[in-house]
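Undergrad: Pulled from TrEMBL, these are the listed features:
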- A:6-27: transmembrane segment (TRANSMEM)
- A:34-51: transmembrane segment (TRANSMEM)
- A:63-88: transmembrane segment (TRANSMEM)
- A:100-119: transmembrane segment (TRANSMEM)
- A:191-211: transmembrane segment (TRANSMEM)
- A:231-253: transmembrane segment (TRANSMEM)
- A:260-281: transmembrane segment (TRANSMEM)
- A:314-334: transmembrane segment (TRANSMEM)
- A:341-362: transmembrane segment (TRANSMEM)
- A:414-437: transmembrane segment (TRANSMEM)
- A:508-528: transmembrane segment (TRANSMEM)
- A:548-570: transmembrane segment (TRANSMEM)
Amino acid sequence: MSFFFIQFLNGLASASSLFLVASGLSIIFGVSRIVNFAHGSFYMLGAYMAFTLVQKLSGGTVFGFWGAIVLAAAAVALVGAVVEMVLLRRIYQAPELLQLLATFGLVLIVQDLVLVLWGPEDLLGPRAPGLKGAIDIFGQSFPQYDFVLIILGPVVLGLLWLLFHRTRWGTLIRAATQDREMVAALGVNQAWLFTSVFTLGAFLAGLGGAVQLPREAVNHVMDLQIITEAFVIVVIGGLGSVLGAFLAAVIIGELNAFGILIFPQLTLVLTFLVMAVILVVRPWGLLGKPEMVMRGGGGVERPIRPLTQRGRNVAFAGLVVLLALPMVGGSYGLSVASEVLIFALFAASLHFMMGTGGMVSFGHAAYFGLGSYGAALMVKYFGIPMLAALVTGPLLAAAAALVFGWFCVRLAGAYLAMLTLAFAQIAYAVVFQWSSFTGGDNGLIGIWPAPWAANPVAFYYLTLALCGGGILAVRRITFAPFGYTLRACRDSALRADSIGINLSSHRWAGFALAGFFAGIAGSLYAFLKGSVFPDTISIATSVDGLVMVLLGGVQTLTGPVVGALVYKTLHVTISSYTDQWRTALGVIIIVLVVAFPQGISGFVQGRLTRSEPKEDAA
Amino acid sequence: MDRRTVLKSFALAALMAGSQMGTASAADTIKIGEINSYTSLPAFTLPYRSGWQLALDEINAAGGINGKKLEVISRDDGGKPGDAVTAANELVSRENVSVLFGTFFSHIGLAVSDFANQRKIVFVAAEPLTDALTMEKGNRYTFRLRPGTYMQAAMLVDQAAKLPAKTWATVAPNYEYGQVAVKVFKELMSAKRPDIKWVDEQWPAMGKIDGGATVQALARAEPEAIFNVTFGADLTKFIREGNTRGLFKNRSVVSLLTGEPEYLDPLGDETPSGWIVSGYPWEQIKTPEHEAFLKAYKAKFNDYPRLGSVVGYNTMKAVAEMIRKAGSVDTDKLIAAGEGLKIDSPLGPITFRAEDHQSTMGGYIGKTAMKDGKGMMVDWHYANGADYLPALAEVAKARPKN
């Protein structure tokens, strides 16, 4: 009995840390709609700053220690304020999710920065003065410091409640969470409201990181470890709901504490299983409200149109270049070109889902990765030829998309996005854990192309045919009646519903199609690399896809192709030249975001169509 | 489509062609490709890089190999196997390197090894620990320097079996390295000590250990001894929680890799004492070959070596020696030279076994202790890898026939 009580307390202590980070994320999202990918970076910065400040200032006293912790959080808040004012303020009017891209750039820069400033080694800070030991509870030792954490969570929750319900600022924030246009119309200075909210969120993340100091070694992968978990908690709790975040943090904290007793092997996936179940039962999280549409912000969107004559010329010229590439490319150049084509199809399939279908996915890697595994497993176990494997891969991906999609299409906005992530993580865990069949983290190797396609030129043409064909097919579907219906469901669910369109079955079909095309890309990728590893299904791959789509521009059909070309080429070339490729890539992404808020392709298209006769976008 | 567009596209194609040229190599250098996870695992790979740079300098200062200078072209794989294969392809196809070496993570090592097999180029794996690399998925192009998981665990078993403890629990990161380490340790221990009972196992996700809960769960099983495989940030968290909660009081702990400076140094005054660990007590090794290495390393980098530094140094030396012995960079000759290759290393002479291309580099086994608020190893000895290599019959059974 005493054991379970202690384990319960362990869960609460972890929950407090999670809550601090998640509450900040939730508040920022609630008000500004920013999916702040850099929130984990704030958390990490908080921990590093606390490490330095505690050593410089505390002198081993209780007051000095806690002063240093708060100061570290304040320093992170300051960083947050600067980021908001210098960067985010410029792109609030950009289309949805573009801010995510900017914050992704920040993540890359902070990763390098931390390495330069604090060095590569893990840093173990001192224990908290006066709280170094353990308390005896029913004959079990429990760390004193963890009690502080257990109390800290509810205290912060209470303070936030007071702040939101007893101050004018809090009233404005709550109003802005519900309807920010109305708040602006009433003459509230929105810019400062947003800055203050972002600063508060950064402060909480910094505090969350700083209080970890006595518990764990500060290290440079803390950012990505916390960020998914924080997102999960925010979504389980309900977007923008601080109390919900608290409840969710407690659930996840306890789940981890007790889960390891019952399923020690399942730690990887338990959180996501629970999130999936909760979202299926409660589509807006525990305490969330039906979400306002996440779209918009970019003004009225220009409808997608077929190519103009000029556009067709450009496309034709592009095709000529692609066909002529083997004459000049060299085998390495061709393999990079093949990789770009594969990711162009991957990005196009994601774009079909989020642009045309209006369903943002944070877990599109699932279909890419399952496409890879669908091909590789068949080759490995049944020795089927490559061409057949290129069919089984996409079929597996499409099958998974049918199953996952059935649940996902019932949701909307960020909840849908997070449910796709949950399914992707579940697929990841299955592949990772089922090592007797999938090879686990050691993957499947020896998946090389058939002899007729082994030559880089042949493989390149095969990739060009399949990916080029896939991209054209996606395009064709977008302009087919099905595509128009999908866009109708996206733009006005109510109207589409009232004229008798079955919303969920159309979106479901769209979802499965997107999965199928991602699967084609994935199965080609397996043969390009000669191997498949679970990381093809990882969050990093999903994020790569998102970055490509956003970089190219969500509102154009050429966007994903341009985005894939730019992102992949930059990635491959920069990392050949410098160790600081993350900083370089991050800076370039941020510059591109600020310069082309409509995406690169959106910008070009905007310039090209400006000269053409204006059509009203009704 | 007008003619201008066609011309433009051909101009563009020509431009791309231009960027591919101008990489012809000079005849008096031998190019070698190197890949590692520099950005995703800097704590280990940066000292590793210093290690091979030191060896490279020494080799070139001594006149290079067969009158030619060595040049290493190094790439970061960002911790992703796909990017590692891209980098390997770039190094082989565009830079025309003669040999590849490097990698840390097991799955990346396997990906590059399979690439080497496909492209018929020699790959000397520096660090990946997975046994598959030299066993089930071994190939004739791949050599491995560091002792694999089986060898690492086997080195510890000799000491662990002497402990009186009869009930054991294990804690390991939930991926192949952790799983295999636990499996091997259990098998070898149970063979030596049939009286042992295994009472609990914990599998925290790599990098995500819930320290308090894991410690509590282990304590609940009341084992007399614990076998730990976690490392890095997980290990630190585990140890701090374990110290606070008294998990290690009156319990023996056997712990893989914990004595390596990479993982021991961050522990500082939390270092537990009396753990049986494998590691690298660099400040206490007094052999002439190690002292020479230590002096050169300190002089060049103004820092002390980590185990990664030795791994990098030895790998570079092995590659150079392989080329020197082969007298050419022809792949078949390199393989022939590599099988049975002997090199002198700071840890003493090591040999690459012909049958599985595994080197006999060993490790230091000892106990942890604390001195002046810092962790160190005491009562240590060098376990020669040659004594712990997998049996040849096992190798013959596991390795695919070429």
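Each residue, glycine too, has its Cβ placed from N, Cα and C.
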Undergrad: Go through A:100-119, A:191-211, A:231-253, A:314-334, A:548-570 and flag the stretch with the largest number of C-beta pairs under 8 Å relative to the transmembrane segment (A:63-88).
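TA: Checked against A:100-119, A:191-211, A:231-253, A:314-334, A:548-570; highest Cβ contact count belongs to A:191-211.
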Undergrad: Looking only at the recorded stretches A:34-51, A:191-211, A:231-253, A:341-362, A:508-528, which one has the largest tally of CB-CB distances under 8 Å to the transmembrane segment (A:414-437)?
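TA: Selected stretch: A:341-362, with the most Cβ pairs under 8 Å.
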Undergrad: Per the 3+ Cβ pairs under 8 Å rule, pairs at least 6 apart in sequence, do the transmembrane segment (A:341-362) and the transmembrane segment (A:548-570) touch?
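TA: Yes, since the transmembrane segment (A:341-362) and the transmembrane segment (A:548-570) share at least 3 Cβ pairs closer than 8 Å, they count as touching.
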Undergrad: How about long-range neighbours of the transmembrane segment (A:260-281): same chain, 6 or more residues beyond its ends, C-beta under 8 Å?
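TA: Residues packing against the transmembrane segment (A:260-281) from afar: 7, 229, 232, 235-236, 251-252, 407, 411, 415, 418-419, 421-423, 425-426, 428-430, 432-433.
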Undergrad: What else in the chain is close to the transmembrane segment (A:548-570), if you only count residues 6 or more beyond its ends and a Cβ gap under 8 Å?
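TA: Cβ under 8 Å, 6 or more out: 95-98, 100-101, 298, 301-302, 304, 336, 339-340, 343-344, 346-348, 350-351, 354-355, 471, 475, 478, 585, 588-589, 592-593, 596, 598-605.
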Undergrad: Can you tell me which recorded stretch out of A:6-27, A:100-119, A:191-211, A:508-528 has the most Cβ pairs within less than 8 Å of the transmembrane segment (A:231-253)?
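TA: So the stretch in question is A:6-27.
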